[in-house]
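Just below is one structure, and these are the notes that go with it.
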Amino acid sequence: MKNFEIVSKFSPSKDQQNAIENITASIKNGNKYQTLLGVTGSGKTFTMANIIKNLQMPALIMTHNKSLAAQLYSEFKGFFPKNHIEYFISYYDYYQPEAYIPRQDLFIEKDSSINDELERLRLSATASLLSFDDVVTIASVSANYGLGNPAEYQGMVLFLEINKKFSLKFLLRKLVDMGYSRNDTYFDRGDFRVNGDIIDIYPAYFNDEAIRLEFFGDELDDMYHFDVIENKKTQNLKKFILYPTSQFIVGENRLKEAIKGIENELGERLEFFNDNGKLVEAQRLKQRVDFDLEMLESTGMCKGIENYARYLTGQNAGETPYSLFDYYEIKGMDYLVIIDESHVSLPQFRGMYAGDRSRKETLVEYGFRLPSALDNRPLMFDEFINKRAKFLFVSATPNDYELELSKDHVYYQILRPTGLLDPEIVLKDSDNQVEILYDMAKEVIADNERVLVTVLTKKMAEELSKYYLELGLKVKYMHSDIDAIERNELIRGLRTGDFDMLIGINLLREGLDLPEVSLIAIMDADKEGFLRSRTSLIQTMGRAARNVNGKVVMFCKKITNSMKEAIEITQKRRKYQDEYNKTHNITPKSVSRNVEESLKLDDTEAIDRAMKAEKMPSSERAKIVKDLRKQMMEAADKLEFEKAAALRDEIKKMRKL
């Protein structure tokens with residue numbers, strides 16, 4: 001096994017080192033569950049990386065949204081540049097699952113847009129897990145959803161080696177069985193092409209490189225990576241393992257068994273519907289399943305193939321579905337599961353199964369799916385939490401559930417290496433909250449700092465924004481109706497000073513890390529509920545813990561239990577950090593963090609390109625497409641998927657001209 005090796009100019013602080021040593025010892029002693037309770041800004045990610053290094057154990061890091069997953073992926077790539085850091089989230093840019101609403105007799109077809117880059121990264125993750133031991137995968141809730149059988153997937157690989165003999169007919173047939181398509185004109189991921197004694201294969205999990213095989217008769221004479229765009233050799237190969245284009249690809253025998261099983265279940269279900277006078281449901285089911293069977297027999301794939309996962313994986317009804325966890329467990333090694341922001345992530349994981357089950361039961365009842373589709377599901381919470389792994393829950397505000405599971409193995413990281421204190425908390429009467437906040441905001445803005453305001457409703461966010469605009473403040477609002485790209489632009493705009501105040505409903509959901517913000521205003525802080533719970537209040541206050549002048553103002557008429565507990569915890573941490581700073585002569589300083597690039601293409605640049613493209617010769621257009629493709633690959637490498645998608649769309653437009 002290749003060792004996990006951290007590359008960093010920093011070394012752990014005393015508080016981090018204590019947490020690292022205690023958690024490492026706890027896991028080595030065989031404890032299944034442990035919790036790291038670390039305040040915002042204390043360097044929990046660096047602590048997590050050091051625990052992995054100490055344990056020398058493959059790890060799966062799970063979090064509750066894609067933005068945080070991307071941030072963690074970037075950080076871990078930096079910490080472990082010599083190891084295999086992978087990214088596994090949903091590959092859908094957009095996803096509308098199929099559903100049926102009986103009272104309206106309305107069937108909603110599945111509608112989705114697959115992001116090719118995210119699909120590549122998912123395939124890269126499973127390929128790495130089967131090929132290497134030094135793997136850390138950053139994942140979202142997708143890790144709990146069903147995948148193909150890892151043993152079947154591994155059994156479909158193609159082993160290539162220099163000087164070995166291969167029948168060309170066998171090789172081409174094997175590539176097709178693995179899901180690769182022959183395309184001698186337009187070469188893309190998941191394709192292969194043949195030119196005499198040369199076969200080029202573009203692995204579905206590679207970015208901008210492919211594999212070239214050069215034969216002398218039946219003997220593999222040469223093999224190397226080459227750059228797809230430049231068509232230049234980049235690395236010689238002696239051996240290479242090629243993985244299929246999908247985790248659901250299965251061998252010929254398994255496919256035949258699956259088709260037979262589907263046919264048998266269809267017969268049983270049609271008999272049930274006919275016996276119960278449900279002729280419409282019977283006709284509907286027969287038509288849909290017969291079409292899927294035709295596709296499976298002719299191509300080995302069909303739309304919605306995941307609904308037949310039980311047969312394709314060879315499992316029994318009700319059996320725990322295969323998931324990303326099984327790709328860790330297939331080698332029999334110990335591994336670590338880290339649940340980041342566990343106070344949000346675990347409740348999200350808990351609710352997945354019930355919602356999925358309810359929708360599919362309706363589809364089965366009305367003849368849109370076979371009952372076996374119910375086995376294409378996310379893991380039940382008990383199946384997830386009882387996996388063979390060791391678990392580490394990480395949060396500034398863990399729930400009672402994590403603490404009860406961890407028992408005596410809860411470890412604290414309260415001190416910040418920067419010396420930053422938890423923010424000062426001020427209580428103000430909510431009767432005049434709008435006017436008081438205006439006066440406080442003007443002072444903060446005069447010092448070139450920013451303001452975050454959290455309210456309870458979309459309407460209030462919009463109206464408060466409008467009111468402050470009329471008073472001359474540069475202010476914007478953010479809520480769930482605003483898409484991901486625009487949210488990113490708003491956060492960027494706040495940080496760069498395009499405007500000074502951002503108003504939102506549940507700003508902590510966005511995983512905001514804004515060192516420029518020195519004032520957090522919590523409107524109607526005494527209105528009990530999810531948005532004003534102890535956990536939410538502490539998380540919201542933490543947004544001001546990146547700035548040396550951080551302050552929180554809570555507008556209220558009374559002090560609720562949630563407020564009281566949040567204030568006491570924050571003040572206790574503030575006092576502890578202050579005493580540590582004085583003892584060690586530390587001067588607090590604000591966090592410094594680069595502003596992320598915009599996800600948008602410059603509109604004027606895009607329009608200019610399009611206008612020129614109509615008038616330019618095809619050779620010039622080809623050069624621009626090549627340049628755009630390179631930019632697209634670079635954007636995808638940086639996980640800037642919206643930007644990559646915009647570039648992809650522009651490439652399509654250029655090719656049509």
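For all residues, glycine too, the Cβ spot is worked out from N, Cα and C.
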Segment assigned the feature motif 'Beta-hairpin' in Swiss-Prot (from 43-66, 91-114, 403-426):
91-114
Lys44 (ATP binding site) in three-state DSSP notation:
helix
Thr40, Ser42, Thr45 as binding-site residues, winner by CB count within 10 A:
Ser42
Hey, for the ATP site built from Gly38, Val39, Thr40, Gly41, Ser42, Gly43, Lys44, Thr45, who else sits with CB inside 8 A of the CB center?
Thr47, Ala396, Gln413, Arg416
Helix, strand and coil counts within the motif 'DEAD box' (130-133) (DSSP):
2 helix, 0 strand, 2 coil
Which same-chain residues, if any, lie at least 6 apart from Val39 (ATP binding site) yet have Cβ under 8 Å of it:
Ala396, Gln413, Ile414, Arg416, Asp422, Gly542, Ala545, Arg573
Within 10 Å of the Cβ of Gly38 (ATP binding site), how many other Cβ atoms are there?
25
Close in space, distant in sequence - Gly41 (ATP binding site), Cβ under 8 Å, 6 or more apart:
Arg416, Thr418, Leu420, Gly542, Ala545, Arg546, Val591
List of residues, in chain order, with Cβ under 8 A from that of Lys44 (ATP binding site) and at least 6 apart:
Leu36, Gly38, Asp340, Val394, Gln413
